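Participant: Please see the structure below; I have some questions.
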Amino acid sequence: MPDNRQPRNRQPRIRSGNEPRSAPAMEPDGRGAWAHSRAALDRLEKLLRCSRCTNILREPVCLGGCEHIFCSNCVSDCIGTGCPVCYTPAWIQDLKINRQLDSMIQLCSKLRNLLHDNELSDLKEDKPRKSLFNDAGNKKNSIKMWFSPRSKKVRYVVSKASVQTQPAIKKDASAQQDSYEFVSPSPPADVSERAKKASARSGKKQKKKTLAEINQKWNLEAEKEDGEFDSKEESKQKLVSFCSQPSVISSPQINGEIDLLASGSLTESECFGSLTEVSLPLAEQIESPDTKSRNEVVTPEKVCKNYLTSKKSLPLENNGKRGHHNRLSSPISKRCRTSILSTSGDFVKQTVPSENIPLPECSSPPSCKRKVGGTSGRKNSNMSDEFISLSPGTPPSTLSSSSYRRVMSSPSAMKLLPNMAVKRNHRGETLLHIASIKGDIPSVEYLLQNGSDPNVKDHAGWTPLHEACNHGHLKVVELLLQHKALVNTTGYQNDSPLHDAAKNGHVDIVKLLLSYGASRNAVNIFGLRPVDYTDDESMKSLLLLPEKNESSSASHCSVMNTGQRRDGPLVLIGSGLSSEQQKMLSELAVILKAKKYTEFDSTVTHVVVPGDAVQSTLKCMLGILNGCWILKFEWVKACLRRKVCEQEEKYEIPEGPRRSRLNREQLLPKLFDGCYFYLWGTFKHHPKDNLIKLVTAGGGQILSRKPKPDSDVTQTINTVAYHARPDSDQRFCTQYIIYEDLCNYHPERVRQGKVWKAPSSWFIDCVMSFELLPLDS
C-alpha cells in the first residue's frame with residue numbers, strides 16, 4: 001500500500017488505475033490548534049443541512065416516502081401531501097422525527113462551542129424547541145381558526161402556504177391592485193360593537209363591498225399619511241383574505257389581551273385577527289384544505305358545521321414513548337424516543353372553549369378549558385369572557401407574569417384545571433409525562449402545585465418519575481419526589497425508576513432515589529436488579545450496599561395522604577354478614593353517599609367482615625387481590641355513631657390484607673405477576689371457576705395446556721415471579737400445575753425448573769397472606 005503521509009512540498013506520485021483513490025487530506029479551517037478538527041466539523045455540518053432551507057437541521061423530520069430530511073418548520077405546509085424536493089407522496093402518519101440525528105446535531109453544537117470557544121451557538125441545546133406548526137414569524141397563516149359563540153365550536157385548518165416569501169408591498173398607486181392594507185384606528189371595543197351588528201343580520205346575505213368603500217371604512221389613506229405605527233405600541237394582527245394568500249395587518253391592542261366571546265357571530269376577518277400566532281400542533285381537529293378550498297371564503301357557520309361532521313384527527317407525533325418491545329442501549333433511543341411537539345409564541349389569552357383539543361405539550365403551563373357540546377355546552381351558554389383559556393404556546397417565562405397570575409387566580413380557571421391536567425394523548429401520556437421527558441422544570445412545578453398526580457401511568461406503565469430518571473433530569477426527579485412520587489413503582493417489564501437511572505449512568509439521580517428509600521433489590525420481569533445494568537464502579541458501590549432498614553423504606557414509600565386515597569367514590573360490600581349487619585351497612589352507604597354492591601366488582605373499595613379474622617370467601621379473596629380495605633364490622637359502627645367516614649387503619653385486618661393494600665398504593669405488580677397456572681383435574685372445595693377468577697384478579701394467566709417440564713421451550717423462559725422470595729429457587733418457577741389436594745388421589749411430585757406442581761390449598765394460602773409461600777415437599 002502506498003504511504004499517503006507525504007510532506008506537503010512533495011508532489012504526490014501518479015495513482016495507478018487499479019489502486020483505490022485515497023481520501024482527501026483535511027485542510028485546516030484556520031490557524032491555531034484543532035484546525036483539522038474544525039475543518040472536519042464543517043464538512044459534517046454540511047451533511048446535516050435541511051434539504052429545503054439548506055440550514056442546519058432543527059428537529060429533523062422525514063416524511064416517510066423518501067430519504068430527504070427537513071426541518072420540522074420547513075415541511076409544515078407539506079404534511080399529508082408529498083416531499084417538496086422529489087414530490088414523492090407521503091401520508092401524514094408516516095411523518096417521523098429522527099431523534100438520533102437530532103442528538104448528533106446537538107453534539108456537533110457542543111463540539112463547535114469547544115473548538116471555537118463560542119457560547120452562543122445557533123444549535124445550543126438549551127434553546128427551546130419549536131413545534132411543527134409554531135413558526136409564526138415565517139408562516140403567520142399556517143393555522144386558521146374559526147369560532148362560533150353560538151354553537152361553541154372551534155375549527156382549525158392548516159394552510160398550505162408557499163415557502164417563498166411574498167414581495168414587499170409597493171407604495172405606489174399601481175401596487176394597490178396586488179395587495180391591500182386595512183388598518184383599524186378604532187380600539188378593540190369597536191370589535192364587539194361590530195360583532196353585535198353582525199349578529200343581527202347573520203341570517204341575511206351580506207352585500208359585497210367595493211374596494212374603495214372598504215379602504216374608506218378602514219381609513220387606509222389616513223393611516224398612510226400619518227405614517228407607520230409606533231414600534232413600541234403593542235399590536236395584534238387582523239387578517240383579511242380575498243384570495244389564497246391573505247394579507248396580514250396590525251391594529252392596536254390593549255393590555256395584550258384578546259377577547260373572542262363577543263356576542264353574536266364573528267366575521268371571518270375578526271376570527272382570524274383574534275387568533276393569530278396561536279399554535280396548537282396537537283389539536284384533534286386539524287385539516288389541510290386543498291387548493292380549491294383555499295380560494296374560497298368560508299363563513300363561520302359553514303366552518304362550525306363542518307367541524308361537527310368532521311371527526312378526522314391528526315395523529316399525534318411520536319413524542320418520546322418507549323417502545324414496548326425494542327429496547328436499545330442508548331438512554332433516549334432505547335425507548336424509541338423522538339422529540340416532542342412543542343408550542344411557542346407570544347402569550348395570548350383567548351376565550352375559545354374547545355373540548356376536543358388535547359394539550360399534551362408541557363413546555364408551557366397548561367391552559368384552563370371549558371367543556372362544550374351537549375349538556376355542558378348548554379349550561380355554559382351564558383358564559384362571559386371572564387372564563388379565560390391560556391394559549392398552549394405560553395412559554396415558561398410567563399409563569400411569573402402579572403397577566404398569567406391574574407388569569408390563574410380566578411376560581412373558574414382553577415376549577416377547570418384538573419380536567420385539563422388529566423388529558424392524555426394516544427400513548428396515555430399526560431402533561432406531566434411530557435414535561436418530565438423534556439425536563440421542563442417550570443411546567444413540572446406548576447402542574448404539581450396545581451394538583452397533577454405524580455404517580456399517573458401511561459399505557460405502557462411509565463410514570464413521570466420513570467421518564468425523568470431515564471432522561472437524567474435531576475431537578476425534575478427532586479420535584480416529583482417532594483410531591484409524593486412513588487419511588488419503587490414499576491413500569492413496563494417491571495422496571496423501577498432506579499433501573500432507569502442505573503441503565504443510563506445517572507449517578508446523582510441514583511443517590512437521590514436511594515435517599516428516598518428506593519429498593520436496591522427490586523427486580524424486573526427478567527430477574528435483574530439495578531446493579532446488573534451498570535458497569536460503573538462508583539454506581540456499583542452505591543447499589544451493592546446492604547439495605548439497612550428495608551422496612552422503613554417500604555413505609556416511607558407507602559405514605560399517602562388520606563385525601564389522595566379517597567379521591568374516588570366509596571364502594572362497599574359485605575362478606576359473611578348477618579341480615580342485621582347488612583342493614584347497618586346499607587344505612588352507612590346512605591350516610592357516606594357510597595355505593596353498596598352485593599357481588600364483587602373491580603370498583604369495590606371496602607370489604608367488611610364480621611369478625612377480627614378474614615374469611616376464605618370469594619369476596620374476601622378478591623378484595624385482597626385487588627388491594628381493597630378489608631375492615632372489621634366495628635368500622636361500620638364507628639362511622640354510624642359519628643356520621644362520618646372514620647379512618648380505616650384502626651379497623652383494618654392485619655397481615656395479608658394490609659400487605660395487599662400497601663402493594664396497590666405503591667402501584668406495584670399484583671401477587672401472581674409473571675406466573676402461569678394450569679388447573680388440573682376437578683375441584684370441589686373451591687370451584688374451578690372461582691380459581692380462574694382468583695388467578696385473573698391476581699395478575700396471573702391461565703394455561704389451556706399442561707406444561708411439559710422436559711420441554712426446552714418451557715425451560716428457556718427467562719422471566720421471573722415478582723413477589724417470590726429473591727433468595728429461593730421459587731423465583732424462577734413461573735408455571736404451576738394446581739390440583740385438588742382434598743381428594744384421596746395425589747399426583748406425582750413435579751418440581752423441575754420452571755414447572756412445579758402445587759395443591760390448591762397452597763394457592764388459597766398465598767392469596768390470604770398475599771405472598772408466594774414456600775412450596776414444601
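Think of each number as a place in line: the chain as shown, counted from 1.
Here the Cβ of each residue, glycine as well, is placed from N, Cα and C on the backbone.
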Participant: Where does Swiss-Prot put SUMO2 cross-link, among LYS209, LYS423, LYS684?
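Facilitator: The residue tagged SUMO2 cross-link by Swiss-Prot is LYS423.
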Participant: Which residue from LYS46, LYS160, LYS217, LYS643 is recorded in Swiss-Prot as SUMO2 cross-link?
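Facilitator: Record lookup in Swiss-Prot returns SUMO2 cross-link for LYS160.
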Participant: Quick one: which of THR299, THR463 has phosphothreonine in Swiss-Prot?
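Facilitator: Record says THR299.
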Participant: In Swiss-Prot, which of 167-211, 707-751 is labelled region 'Disordered'?
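Facilitator: Among 167-211, 707-751, the range Swiss-Prot annotates as region 'Disordered' is 167-211.
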Participant: Can you check which of LYS140, LYS349, LYS548, LYS650 Swiss-Prot annotates as SUMO2 cross-link?
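Facilitator: LYS548, according to Swiss-Prot.
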Participant: Out of SER251, SER330, SER391, which one does Swiss-Prot list as phosphoserine?
Facilitator: SER391
Participant: Averaged across the repeat 'ANK 1' (427-459), what pLDDT does the model get? Just tell me the whole number, please.
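Facilitator: The answer is 93, the mean pLDDT of the model over that range.
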Participant: DSSP helix, strand and coil counts for the zinc finger (50-87)?
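Facilitator: The zinc finger (50-87) comes out at 0 helix, 8 strand, 30 coil.
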Participant: What is the number of residues in the repeat 'ANK 1' (427-459) that are helix, strand and coil, as DSSP sees it?
Facilitator: 17 helix, 0 strand, 16 coil
Participant: Reduced to three states, what secondary structure does DSSP give LYS423 (SUMO2 cross-link)?
Facilitator: coil
